[in-house]
Amino acid sequence: MSERTEQESYTDKIDEDEILAGLSAEELKQLQSEMDDIAPDERVPVGLRQKDASHEMTVRDCTEPESEEEIDEDEILAGLSAEELKQLQSEMEEIAPDERVPVGMRQRDQTDKPPTGSFDHRSLVEYLYWEKESKRMLEEERVPTTLLPSQKTNEEHEAKNEDKVEELELVYEEIVEEVEGGQGDAVVDEVIEEVIMEVEEEDKVCDKPVKTDLDATDPTVTSEDGLQRPSESADANVEAKTDQSGLDTETKVNEEKKEDSTEPAPSSYENWVPEKEERVISKLKIPKLALGGNTFVKKTARPSGNETNLESTLDKIRNNNPSVTDVNLNNIENIPKEMLLDYVNSLKKNRHVKTFSIANTGADENVAFTLANMLKENRSITTLNIESNFITGKGIVAIIRCLQFNETLTELRFHNQRHMLGHHAEMEVSRLLKANNTLLKMGYHFELPGPRMVVTNLLTRNLDRQRQQRMEEQKLQQMKEQRKVMEMYEDSLNLPPGMLEMLGGYIPLSLLQNCQNGAEDIPEDSPEPSPQPSPPHQLCKTQHLAPQQHPPNLSTGNLFEEVQLKKTPKRRDPLLEWNQCDERKDGRPNVHLRSVPKKRSIAREGPVDERANLKDMIKTLKPVPRRREPPKVDLTPRDHLLSEIRQSNVAYLKAVPLPKILESQETSLF
């Protein structure tokens, strides 16, 4: 109780009024702010209990002129270098950022690397435009839409307006700081200038003087917030000049200043005014893609990079121009469907186009059916590429069905369609391809393993047939060349035509040597020299049939002694023929004579008989089997026991002695 009474007596001794009376105005404000934080007023909403720091700062600045007189900010700023000013500016942006700037844009630029190129605002806007258009085109592909008549008329009006002169509107936002002071105060005024520039002509720039107006509603800005870096403002000015180069501009200026401005205080930093910051809002003319003046080309189509001139190429195909052998329309998404159908129809009678590619052109079922009809009549196209389109299984099946009437197409590609082909369509494709013998390549991955294997086997079959045809053509070419060689030798040897063929293609070596000697002895003045003999590799077949040695000193008259001629039936002598009437009268029997082949000399038929006898002897021989003896294996007692058990019978059991190896002390009975 004693302690409590002491505390009460101590509080009674403290007079709050005297304490508050002894405090200065600054201490009273500080005490009030602390009391607002410790015990806020409950009648004030929670969201409004936060104290206004900016108001306190302004009041403190107004109520403390003495402290500001002691610190001269202008002198301090004037003594700083350009690098120190930049560092101070960056630090002030981090400590007290501008509340009018969005939070996401308050991050300062921390890159030290110099820019690789100048900033191109126009290219950035075009890039954003094409990004937006690509998304819109994807949405159009997902949900097909049809334009109403009112929408079509609106688009026509927009197209007409785009043809007129576009206006480029540039809005410059200039921040001008003026250091003004009164009674030792340094107040910085912010002047915002908006420059609206309109384009009229090129290569002319007109500048007008700046008009200033005062407005009391502009908030006060401190020197820290309004300080601008000279280098950044200069860069912004250079960017603005690059954007407005070559454009005629008209400027209209509105400026705002703070009310009750006083004369500027003398300082070495007061004449410096930062460069203006420019905010450019431009209306750009998007290029309208006109393809050969066609009126039904999409206005929002993306550039494909394909430089094919559609109209001139179509005219060449219709006129059957032989210079056009490869038609490439890939990635032209804005090609009209009517023009695509005209291309396909014009290829029906064309005889020179070998490759036709329409990948990623938006081809649909109508184009697929037209392609099928074209393949029935066309006899020149070898490669067809219709990948990345909107063709369904029905269109693909129609094209494959028409391949049974086409014998020139060797490569077909239809992969990556918008819709799946389907299992039924894959089975139908594998079935229809059996009737085609010329297709060698197919650009499609089958989902089912069955059709995949069937199509693979069919393409392999077609490749084998093509290889066989190529081999047959080579054989025919070789036969033609050999026939020419034989005719050449017949002419050189003065033999009747077909003589060497009757001889089985055999040409004696002596004839060849004489032909070569004769060809060498022919004078150069002879008008028709005998043809030279063919290379030895073409005569190897004719020489190895009956190789014989001939003496080198044979005369030209005995050349045909070694040639074996075929025997032809002799004609009967009419003097020796009997008259049939006389035979009937005399009653003589009819006698029919038949020719008996003469026996050849033994000397000539000797080697032939020996060969025949040798062949007969070889036929009588039989292969002698090599009977190898089985390897000797020593049988163990266990094997003997098992063999005896296998040979024994249940009805006739007999005692079998136990082998000594199997005996042991456990099994022994004694």
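Numbering starts at 1 and runs along the chain as it is shown here.
Using the three backbone atoms N, Cα and C, a Cβ is placed for every residue, glycine included.
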Where Swiss-Prot places region 'Disordered' among the ranges 94-120, 283-309: 94-120
Within the predicted model, mean pLDDT of the coiled coil (150-183): 55
The region 'Disordered' (94-120), counted residue by residue under DSSP: helix, strand, coil: 5 helix, 0 strand, 22 coil
